[in-house]
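> The structure that follows is given in the form of structure tokens.
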């Protein structure tokens with residue numbers, strides 16, 4: 001009786017996207033044709049009903065590869081209209097909104113295009129005006145690449161350090177709450193290792209057969225996986241460049257500017273190239289993708305994030321090329337403005353999907369070893 005009451009309560013509080021995932025999963029659980037495609041379907045088979053936590057877990061476990069859509073006999077125009085990628089994408093947006101910190105800022109996910117545009121305007125205006133205030137002009141005699149003659153190191157470290165730490169802290173607070181609600185128990189080292197491998201290799205963007213995802217049609221391609229790798233590892237190389245440069249400054253006492261063949265500059269250059277190739281490729285695929293894949297309402301969020309990553313790299317490489325010229329001030333202001341816009345939107349844009357997906361992958365690694373109820377206090 002208590003189980004029935006629980007199901008009734010859950011049914012009454014499901015949002016429309018959550019209810020659609022529940023409907024789709026009930027049909028898929030009866031069919032199971034797609035069981036070998038990715039982690040979603042084996043995880044689905046461990047359940048007879050789908051509560052809110054299950055729905056959000058499965059939605060974030062889905063990588064939107066599209067294989068199940070093109071293999072499904074019940075996909076549109078069938079009257080069942082089973083479209084797993086679309087249902088999961090719509091539920092993921094609910095995840096981001098419901099677990100946003102502070103909660104009121106969850107609405108920014110639905111207005112991500114406007115949010116990115118405003119953040120970009122604020123960031124660019126801030127640093128262009130700041131450069132004018134500190135130097136009196138955006139054009140100056142060549143400064144031999146010394147950025148700190150325009151913006152003091154302490155000012156940049158304080159501004160960007162505080163914004164980045166706050167953004168990651170807010171994002172992690174939501175992910176931790178998500179993790180606790182899907183109740184997977186405490187992960188072991190082998191489970192963490194497997195989830196990390198699956199995340200870093202993007203295992204579930206191979207379509208379940210190694211040939212890749214579906215994009216514009218039912219043809220398989222590994223391009224989305226490749227462009228994601230360029231983007232992620234390009235970002236991580238740029239982050240590594242910042243970490244190394246910070247170590248040079250605070251530990252070794254070596255102040256910028258660093259020569260081109262120094263470790264920070266080489267890491268940043270390679271990362272920047274990756275952040276040009278990856279986002280450009282992802283945007284190209286996004287523009288070509290079948291309208292049946294994913295949620296069309298999220299395209300502004302997807303494209304806004306892609307654009308910010310691309311502009312971060314483009315302005316950074318332009319700054320490197322022009323750092324010994326009289327235009328370094330304006331190039332630096334443009335680059336810092338774009339980076340600030342990226343940092344400001346990290347907790348309320350597409351960046352969040354990587355964190356929630358990693359949590360779902362870790363849950364799956366725990367679940368397939370120990371069962372669905374591993375760590376659940378009520379079971």
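Glycine is treated like the rest: Cβ placed from N, Cα and C.
The following feature annotations were taken from Swiss-Prot:
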BINDING   28, 31, 34, 72  [4Fe-4S] cluster 1 binding site
BINDING   38, 62, 65, 68  [4Fe-4S] cluster 2 binding site
> In Å, rounded, how far does the Cα of residue 68 ([4Fe-4S] cluster 2 binding site) sit from the Cα of residue 34 ([4Fe-4S] cluster 1 binding site)?
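That separation, Cα to Cα, works out to 6 Å.
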> Rounded to an integer, what is the Cα-Cα distance in Å between residue 28 ([4Fe-4S] cluster 1 binding site) and residue 62 ([4Fe-4S] cluster 2 binding site)?
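Cα of residue 28 ([4Fe-4S] cluster 1 binding site) to Cα of residue 62 ([4Fe-4S] cluster 2 binding site) measures 14 Å after rounding.
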> Once 38, 62, 65, 68 are set aside, which residues in the chain still have Cβ within 8 Å of the Cβ centroid of the [4Fe-4S] cluster 2 site?
34, 37, 40, 41, 63, 64, 66, 67, 84, 85, 88, 204, 208
> In whole Å, note down how far the CA of residue 72 ([4Fe-4S] cluster 1 binding site) lies from the CA of residue 38 ([4Fe-4S] cluster 2 binding site).
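Here the two Cα atoms lie 14 Å apart.
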> Cβ within 8 angstroms of the Cβ centroid of 28, 31, 34, 72: which residues besides those meet this for the [4Fe-4S] cluster 1 site?
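Counting only non-site residues, the set is 27, 32, 33, 41, 68, 71, 74, 82, 84.
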> Of the binding-site residues 31, 34, 72, which one has its Cα closest to the Cα of residue 62 ([4Fe-4S] cluster 2 binding site)?
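That would be 34, the closest of 31, 34, 72 to residue 62 ([4Fe-4S] cluster 2 binding site).
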> Taking 10 A as the limit, how many CB atoms besides its own sit near the CB of residue 72 ([4Fe-4S] cluster 1 binding site)?
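Other Cβ atoms found within 10 Å: 20.
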> Say we define neighbours as other CB atoms within 10 Å of the CB. Which of the binding-site residues 28, 31, 34, 62, 68 has the fewest?
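Ranked by other Cβ atoms within 10 Å, the binding-site residues 28, 31, 34, 62, 68 bottom out at 31.
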